[in-house]
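These notes concern the structure reproduced below.
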Amino acid sequence: MRFDKLTTKFQQALADAQSLAARNDHPYIEPVHVLAALLGDPDSGAASLLARAGVAVNRVQPAIDSALKGLPQVQGEDNVQVGRELQSVLVRTDKEAARRGDTYIASELFLLALADDKGDAGRILREAGLQKKALEAAIDAVRGGENVSGAEGESNREALSKYTLDLTERARQGKLDPVIGRDDEIRRTIQILQRRTKNNPVLIGEPGVGKTAIVEGLAQRIVNDEVPETLRGKRVLSLDLAALLAGAKFRGEFEERLKAVLKELAQDDGQNIVFIDELHTMVGAGKAEGAMDAGNMLKPALARGELHCIGATTLDEYRKYIEKDAALERRFQKVLVGEPDVESTIAILRGLQERYELHHGVEITDPAIVAAAELSHRYITDRFLPDKAIDLIDEAGARIRMEIDSKPEVMDRLDRRIIQLKIEREAVKKETDDASMRRLAVIEEELEKLQREYNDYEEIWKAEKAAVQGTQAIKEEIDRVRAEMAELQRKGQFDKLAELQYGKLPELEARLKAADSAEREAGESDSGKPRLLRTQVGAEEIAEVVSRATGIPVAKMMQGERDKLLRMEDFLHKRVVGQDEAVRLVSDAIRRSRAGLADPSRPYGSFLFLGPTGVGKTELTRALADFLFDSEEHMIRIDMSEFMEKHSVARLIGAPPGYVGYEEGGYLTEAVRRKPYSVILLDEVEKAHPDVFNVLLQVLDDGRLTDGQGRTVDFRNTVIVMTSNLGSQHIQSMAGKPYEVIKEVVWDELKHTFRPEFLNRIDEVVVFHGLEAQHIESIARIQLKRLGERLEKQEMRLDVSDAALAEIARSGFDPVFGARPLKRAIQQQIENPVAKLILEGVFGPRDVVPVDWQDGKFVFTRTLQ
């Protein structure tokens, strides 16, 4: 026996047999041990070979187990030896290998030798239906006329079943999603596949446009015989490159596996079409020093037409990997897959609707489908249809399913309250005074009431949940019946098809209708309480998912938000004093956008705020961010004085390729990509270099900007505010004149500084008035209120008299510098003295800090609160 000439698989089987004998205290390794080891290894292929030869494999394993129990056992024997019976079988195996001309002895010849064996192993196989001729035929079929010439000869067998996934089989089983539309691309793919040479289409398109779906659509058409005669009966196999590479430890193993795949494909005489998803991964796959990569190994087969291949890759990766290898590129024919429009996406979603309803066990309404297509197109700009729309449907369905599976919020709230009261009851029980006794009676009464309410809700919830689960089970049964009907139609078994179509299916549909109505009835209790479980995905659920993902308020406005928008001016006036026109113009722009009337291809609003320093230009922008997002954090503030040089424009949008900082992205573009719904403040805009305005033209007109890395950043959900001091001398000199007259003069000044195409794209040029004495007093109140809030954190209260307020306003008023001197006046005249008094211990927690103006100075007299 040539033990050095056993294949790796056979050597492994003998080693496993030795371990099995040692574990069971058997002194000798018998053929039955080796048979058990071969059948126990899922990678050996012995079980599939015996099944192909007509052996009932499920009967073999129990018989082996009982045979092993019948073998003699010797306790404490470590040296396990090869039994005489096994030696005899191995010799016959060696002879059979020599007769067949094999260099290495494969494990299937051991099974062939067992066919003549008189021992347990041979008897077990014969009783399970083994016939020598059938096994020989099965071995010849598996080998495909090849001899075993290497130690890995067995590993590379049936390479297609190991390293590919049969898409046509999955289509036959109904496991692929239906493919709606894409007829032109599928037709073009079929057309290329029918060519004599270079019959290899490559599907090129952006991620998520449906390249893989086109191949799945082709597999479904082949299964349904909706293809030309030349493609009928062919299989579409998806190549699993990861499986090809996994475990290829030694040099040449990967190449051997790929050669085995190519050889099987060549033997099948064009009956298989290989689909390579992410085709660019083939370039460089398995590459080692001096070795060929997968791409180069495929070239000869592709050129000769032996390999029918469909590739799929994105535009960027095609350009980066495939186009660089001209020899590989010319062997493929390009099929460009574009992004479908919103109407096509809606059709695709309607086709997938049933699958997602079945998976999540919820109902997806048509408004939800339309909303998913439209909202994803409008608000999710960095991804592509239909993928991003499908994601919205999927996530909304998952959210509703999660609500169904978990306890409803109203019950959860009651449950927590009941637990809280029970804890309180146990604490009160320990007390003996009258007040505690009365409290205990109140707790008992409330507990009883809450428990009754909870039990009512629980009953409704269980009824609703049972109804939902019943509906789901019927839907799954209908889906299974439809898949069975499709299979029967393909096989032409019309008698059984008619049985299902006119018997079982109508019965199931009637049951579903009854279950649906029962579910609706379960939703309304006797007391008229609303449904506890939502089972429908509507447009609002889709809008909620979009809002959560992007931070953009897409969901339908609640009444509270409507009222808030209508009173927006009041909110802004709390922080900005004396600028009525500016506040009104900004409020109108926000209301237009939230009511859905604004141009969807431009930012919500673009404003140029003009006016002297310290009149509230920046403060209004802060107030706007606070109003929209309840936080000033959503304001992206860019000081344009930092962009005075020509080269600093690159900082806004990111450095071009080849420059330092290319990977970091742009200051403005990255901020908007992270917060697509925000207020952008470009402060002191006239100080920026003129080239900066060229960048802003695209933002103001189309609501988009391309950064240094070629990505399009969406500005359509932003409010852009630019501030400038231009024309401030005219505004101050014309104080008291009508707003329109002042604006006209300032507009003439603007024309000398900014280009017409820039000014023309701004929605509103807002002129801020210089502040007057009465405005300063209101601003002083606002600033002192903020100081009061800071003191309240230290448990102190600020009390400013009218005389003190008037003096602060008087000393802080400067018509040239606006409200900023007021801040300095408060700091010097109030904050500094109060800080000293707090440190000296004059004022402490629970004190009132009074501020008064007496005898030409500020007085702080301590009183208890």
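Glycine residues also receive a Cβ, built from the backbone N, Cα and C atoms like all the rest.
According to Swiss-Prot, the features are:
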BINDING   G205, E206, P207, G208, V209, G210, K211, T212  ATP 1 binding site
BINDING   G611, P612, T613, G614, V615, G616, K617, T618  ATP 2 binding site
COILED    390-524  coiled coil
DOMAIN    3-145  domain 'Clp R'
REGION    6-71  region 'Repeat 1'
REGION    82-145  region 'Repeat 2'
REGION    158-339  region 'NBD1'
REGION    340-551  region 'Linker'
REGION    561-770  region 'NBD2'
REGION    771-865  region 'C-terminal'
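The structure, with features from Swiss-Prot marked on it.
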| residue | record | contacts (Cβ under 8 Å, 6+ apart) |
| --- | --- | --- |
| G205 | ATP 1 binding site | K211, T314, L315, L336, V337, G338, E339 |
| P207 | ATP 1 binding site | T314, R383, F384, D387 |
| G208 | ATP 1 binding site | R383, F384, L385, P386, D387, K388 |
| V209 | ATP 1 binding site | V337, G338, E339, P340, F384, L385, P386, D387 |
| K617 | ATP 2 binding site | F609, L610, G611, T723, F768 |
| T618 | ATP 2 binding site | L681, D683, T723 |
Pairwise Cα distance for V615 (ATP 2 binding site)/E206 (ATP 1 binding site) [Å, integer]: 49
Residue among binding-site residues E206, G210, T212 with Cα closest to the Cα of G614 (ATP 2 binding site): E206
Between P612 (ATP 2 binding site) and G210 (ATP 1 binding site): CA-CA distance (Å): 56
Sparsest Cβ surroundings (other CB atoms within 10 Å) among the binding-site residues G210, G611, G614: G614
Distance [Cα-Cα, Å, rounded] between E206 (ATP 1 binding site) and G616 (ATP 2 binding site): 46
Residues in the region 'Repeat 1' (6-71) grouped by DSSP into helix, strand and remaining coil: 46 helix, 3 strand, 17 coil
Under 8 Å by Cβ from T212 (ATP 1 binding site), counting only residues of that chain that are 6 or more apart: D277, A312
Listed in sequence order, residues not in G205, E206, P207, G208, V209, G210, K211, T212 with Cβ within 8 Å of the centre of the ATP 1 site Cβ atoms: T314, V337, E339, F384, D387
For G616 (ATP 2 binding site), the number of other Cβ atoms found within 10 Å of its own Cβ: 26
Reported mean pLDDT - the region 'Linker' (340-551): 78
Secondary structure content of the region 'Repeat 2' (82-145), with strand meaning DSSP E or B: 45 helix, 2 strand, 17 coil
Collapsed DSSP category at E206 (ATP 1 binding site): coil
Mapped DSSP class for T613 (ATP 2 binding site), helix or strand or coil: coil
Assigned element (helix, strand, coil) containing T212 (ATP 1 binding site), judged by DSSP: helix
DSSP residue counts for the region 'C-terminal' (771-865), split into helix, strand and coil: 51 helix, 19 strand, 25 coil
